[in-house]
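Peer 1: Got a structure for you, written out below as structure tokens; questions coming shortly.
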Amino acid sequence: MRWTLMLQLLQLLLQLLMAQSQSLERISQDRIPLFRLTQQGDWDSLDRHPTDSLCVGLPAAGVTTLNLANRSLESLPSCLPRTLRSLDGSHNLLRALSEPVLGRLPELRVLTLHHNRISVLHWGRDTLAELRELDLSHNLLTELPPCAGPSGSSLRSLALAGNPLRALLPRTFACFPALRLLNLSCSELGHIAQEAFAGVDGGPLAALELLDLSGTSLERVESGWIRNLPKLKSLFLRKMPRLKTLEGDIFKMTPNLRQLDCGDSPALTSVHTEIFQDTPNLQVLQFQNCNLSSFGPWNSSQVLSVSLFGNPLICSCELAWLLVDVNKTVLHRAADTMCEPALGSTGPFSGPLSLSHLSNVCRSDQSTTLLPSNPGRFDHSVFAPRIQGPSIEQSTALSAQPGGSQQNITKVPSLTMTSPTQGSWMYKDASEETAQSTNSELVYSPSRALPGAASSGAEQTATHILEPNISSASTPLVSKYLEPLPTSPNPRSLPQTKQRTQATPRALHTDPPQDEIPVLLLDDDSEEEETRDQVAAPPQDVSCEYHPCKHLQTPCAELQRRFRCRCPGLSGEDTTPDPPTLQGVSEVTDTSVLVHWCAPNSVVLWYQIHYVAEGRSGNQSVVDIYATARQHPLYKLTPGTTYHVCVLAANRAGLSQSQTSGWRRSCATFTTKPSSVVIFWGLCTASGLLLVSTLVLSVCLWRQRWKPHRQFYDTHLVAFKNPARAEEVTQWE
């Protein structure tokens, strides 16, 4: 009986301890996710669990767009609506993209999965049949799956930037015959097979128009693989650390090339300009901040924009071709483009010279022969395009021929572009098409008069207008990639004059002689005029809705382009950024904390967090935090420890300095909470002591209760007579 009661008490106590342990474990699990970005919309209550718990309350049909970014998902939910057309699963923990997941979404058009951990791709030849855009940037892909056979894929845009791809195997993209935009930038790509861009049947990848190889380890552009891109219009080779030369017949099979960007490639020392003879449609060349010493001329039929600033050019009158015929060649930032005289040179160049003054120096040297410019044919014309703000303006100029009233109207195409970086991949398809019209409306562009063009009796005027130049054949997919050229912090101002020209409206001739500039007329289409009016509207003097402390804030430069608003002054990318302002920390636990900061007024490409425990020497850091982030968690901290944390901004010029005081303080100190494990074992110990005390007390009480009582028996008193006194013995009962 006694042992049975003790066993029952022990079982009861063990059950109490197990229940307490489970409750503490649930509390600990609830603390693991420090923060969660929820979907704004009808499903705000669905983020209670990271994966299939999202299915609770999710509509089975009718949903076309779903955002699951920043949900810590390790796999996509199995209950996604079949009507989805756009799915954003970026910034999660996805490890694979498989055919069953894509097969359940037959209407999917846009799939965004950048910044995950995807290392494996599994799909069949018909899996991506309806998909139009796929973004797999900044994942862990080391290779792409081979194409199983002919595919009906309609994929037009594929982004693979930031993946550890080392090589492209033959027919890597054969499954995507409709592919138009391919981004392979910032990868470890060092080799491209000759048939990498070949189709399943060995033919070319005929639809590709834009290829971005910026930031890769390629040493040269080879004709073997580029010949399979006959419709290539834009080629980006920015920030190529190993690209040394451009030569050979690499552009022999790409006659449609319009834009070549090799900017910020320090190893590029030689460009054989003869290769551009095979690109009659070339309009933009960017070689800024390379290592070129010369840049020879070639025959070009297009208006050409060239950027050469930041190169160690050697002064030579051969470079004057860039400035002689301003109707055909626009040198971007000519005043900032410098040349140095050759060592031991005895020519007219005595020191560093801006290319904007090169023509004057060469003209004064009688022994120098310049390229023919034939300026007399353009008397009284105001024509040279002006670089203002972020773009090369599209302008129209009136040329009054001596001795006649015929009007020549020339349209200089606008060329607005950028180089792709972390998250932004922009492109604009410049148009070649123009329409004839009898409309006599004339738009003047600010310019510098050609030599000999100014008349003694004429006043010259300069106005400007920005015009869109989107081809009617261009699709929204191509035309949406748009961003301006880099501009100088102090753009040079061109001479502005006034000119009054009287001309009698006549029928405009569109077939001029061979030695004159082609006459291109403004289209009298109402839609183009409406678009032109919208684009030409003056910028509003309002500040952009830019909050430097907002997490995932859209960069102000993009807001400025989108809404024509005013951004705060930012230091350039070549200047070390100012330190961020650390707002503080939140959600402090025993092993983690969430750090908040505000962006500086500088160009920032990424952030870093450095932290160290008080009294310890080892400094820990978190690097490559994306530029739009304003908060980041720190994990695996020591409980009950004081830490010193600093947030640093970084760009190509370097890291910002740590600042521990002042209003722009980038460092702070915090202390983690005591360990939950210690608290748990403390509670267990207290519970154990309470249990032992209870058991001891129970045993004592039980023993006291069941202790037998003392029994009293009858006692007979016997008295004996003392023999000495001879008394009688008396007995009592």
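Cβ from N, Cα, C; glycine included.
Not my notes, these are from Swiss-Prot:
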type: DOMAIN; residues: 311-364; note: domain 'LRRCT'
type: CARBOHYD; residues: ASN70; note: N-linked glycosylation site
type: CARBOHYD; residues: ASN183; note: N-linked glycosylation site
type: CARBOHYD; residues: ASN291; note: N-linked glycosylation site
type: CARBOHYD; residues: ASN299; note: N-linked glycosylation site
type: CARBOHYD; residues: ASN327; note: N-linked glycosylation site
type: CARBOHYD; residues: ASN408; note: N-linked glycosylation site
type: CARBOHYD; residues: ASN469; note: N-linked glycosylation site
type: CARBOHYD; residues: ASN619; note: N-linked glycosylation site
type: REGION; residues: 395-423; note: region 'Disordered'
type: REGION; residues: 480-518; note: region 'Disordered'
type: REPEAT; residues: 207-230; note: repeat 'LRR 7'
type: REPEAT; residues: 231-253; note: repeat 'LRR 8'
type: REPEAT; residues: 256-278; note: repeat 'LRR 9'
type: TOPO_DOM; residues: 20-676; note: topological domain 'Extracellular'
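Mind mapping these onto the model and telling me what they sit next to?
Peer 2: Secondary structure counts, DSSP: the domain 'LRRCT' (311-364) has 21 helix, 11 strand, 22 coil.
In the three-state DSSP scheme, ASN70 (N-linked glycosylation site) is classed as coil.
In the shown protein chains, 24 other C-beta atoms lie within 10 A of the C-beta of ASN183 (N-linked glycosylation site).
When Cβ atoms from all protein chains are considered, those within 10 Å of ASN291 (N-linked glycosylation site) total 15, not counting its own. ASN291 (N-linked glycosylation site) carries neither a helix nor a strand DSSP state and counts as coil.
Non-local contacts of ASN299 (N-linked glycosylation site) by the CB criterion (under 8 A, 6+ apart in sequence, same chain) comprise GLN277.
The Cβ of ASN619 (N-linked glycosylation site) lies under 8 Å from the Cβ of HIS610, TYR611, VAL612, each of these being in the same chain and 6 or more residues away along the sequence.
A mean pLDDT of 93 is what the model gives for the repeat 'LRR 7' (207-230).
Away from its own ends, the repeat 'LRR 8' (231-253) comes close to residues 185, 206-223, 259-272, 275-276, 278-279, 417, 419-420, 427, 429 of its chain (Cβ-Cβ under 8 Å, at least six residues beyond either end).
Beyond its flanks by at least six residues, the repeat 'LRR 9' (256-278) meets 214, 230-250, 284-293, 295-300, 307, 415, 417, 419, 430, 486 of its own chain at Cβ-Cβ distances under 8 Å.
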Peer 1: Where ASN70 (N-linked glycosylation site) and ASN183 (N-linked glycosylation site) are concerned, what is their Cα separation in Å, rounded?
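Peer 2: Here the two Cα atoms are 23 Å apart.
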Peer 1: To the nearest whole angstrom, what is the C-alpha distance linking ASN183 (N-linked glycosylation site) and ASN291 (N-linked glycosylation site)?
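Peer 2: The Cα atom of ASN183 (N-linked glycosylation site) is 25 Å away from the Cα atom of ASN291 (N-linked glycosylation site).
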Peer 1: Distance check, please: Cα of ASN291 (N-linked glycosylation site) against Cα of ASN327 (N-linked glycosylation site), rounded to an integer number of angstrom.
Peer 2: 27
